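K.L.:
TrEMBL lists these features:
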DOMAIN    39-293  domain 'Plant heme peroxidase family profile'
SITE      Arg76  site 'Transition state stabilizer'
ACT_SITE  His80  active site, proton acceptor
BINDING   Asp81, Val84, Gly86, Asp88, Ser90, Glu102  Ca(2+) 1 binding site
DISULFID  Cys82-Cys87  disulfide bond
BINDING   Pro126  substrate binding site
BINDING   His156  heme b binding site
BINDING   Thr157, Asp211, Asp219  Ca(2+) 2 binding site
DISULFID  Cys163-Cys198  disulfide bond
Amino acid sequence: MAWRNSGRVKVMNRRSSRMAVMAAAVLAVCSFAAVTMAQLEMDFYSKTCPNVEEIVRREMEEILRVAPTLAGPLLRLHFHDCFVRGCDASVLIDSTAGNVAEKDAKPNLTLRGFGAVQRVKDNQLPPPTANFTQLSQMFAAKGLDAKDLVVLSGGHTLGTAHCALFSDRLYNFTGLVNDGDVDPALDAAYMAKLKAKCRSLSDNTTLSEMDPGSFLTFDASYYRLVAKRRGIFHSDSALLTDPVTRAYVERQATGHFADDFFRDFADSMVKMSTIDVLTGAQGEIRNKCYAINI
């Protein structure tokens, strides 16, 4: 797949669409080519489907035009697909009588966008409750560094999150399960707003915007929230506990370096897409994305 710099885009929701299209394209193609960059083949479908990129782009732009809230979930799917054993789109595979598919595993039940493209791996994924040490170790195991961690976290500028993924910060931070058992790393005013929306620790249906006021726009506003201690997940707050990631957050929070973030995000997405890529006779190109070839 050829990645291109589309230049500066003034309309931010177009950038959101393009980032989601980039993520979806990696999943939709359902084939992958290499363990190292040297083995990757740029035009794998040049003969069998020469217009594949344009087809994926056109279809995804139409999907996002009708359902713009899918931009965030599609980025999440791309991350979950690639982080464990590479970008093989296996999250699209349906369960069978003899096999429970990844999409039906408990950690993956809140995923959205399967109708467009999708995928999530098992519990090897970084949980939203992880601290910086856990996050950095998991990223390092995939060949990703602290910069990739803070840059890819910027994907939280899009989409929503179920209360159950962060409600322990509001009601059960130390295990006491009461209104006063809160995460001191959260800004008090922001915490009050989250509590008004997520009424209890057991709420597993309510959704909250991860980047309030900008959750449909791919921009750098996420970093301003994190700098103000308003990151919704433990993993967001963890970015302020390391000097490298904190410096990146604070630089982006000034609002003067968004173009750097866009370039960094594209670079880290491509870097992540090369994790454990299959080559040669390894794996298969599925005829139907939701089923293993018979």
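The backbone N, Cα and C atoms fix where each Cβ goes, glycine too.
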K.L.:
Given the Ca(2+) 2 site residues Thr157, Asp211, Asp219, which other residues of that chain have a Cβ within 8 Å of the mean position of their Cβ atoms, reported in sequence order?
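P.N.:
After dropping the recorded site residues, what remains is Gly154, His156, Leu158, Ser214, Phe215, Thr217, Phe218, Ala220, Ser221, Tyr222.
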K.L.:
Just going by other Cβ atoms within 10 Å, which of the binding-site residues Ser90, Thr157 has the emptiest spot?
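P.N.:
Selected from the binding-site residues Ser90, Thr157 on minimum Cβ neighbours within 10 Å: Ser90.
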K.L.:
For Asp81 (Ca(2+) 1 binding site), which of these recorded positions sit within 10 Å, Cα to Cα: Cys87, His156, Cys163, Asp219?
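P.N.:
Those near Asp81 (Ca(2+) 1 binding site) - Cα within 10 Å - are Cys87, in sequence order.
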K.L.:
What's the CA to CA span in angstrom from Cys82 (disulfide bond) over to Asp88 (Ca(2+) 1 binding site)?
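P.N.:
Answer for this pair: 7 Å between alpha carbons.
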K.L.:
Could you tell me the C-alpha distance between Asp211 (Ca(2+) 2 binding site) and Cys87 (disulfide bond) in angstrom, no decimals?
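P.N.:
On Cα coordinates alone, these residues lie 26 Å apart.
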K.L.:
Please identify, among the recorded positions His80, Gly86, Asp88, the one with the smallest Cα-Cα distance to Thr157 (Ca(2+) 2 binding site).
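P.N.:
Of the recorded positions His80, Gly86, Asp88, His80 has its Cα closest to that of Thr157 (Ca(2+) 2 binding site).
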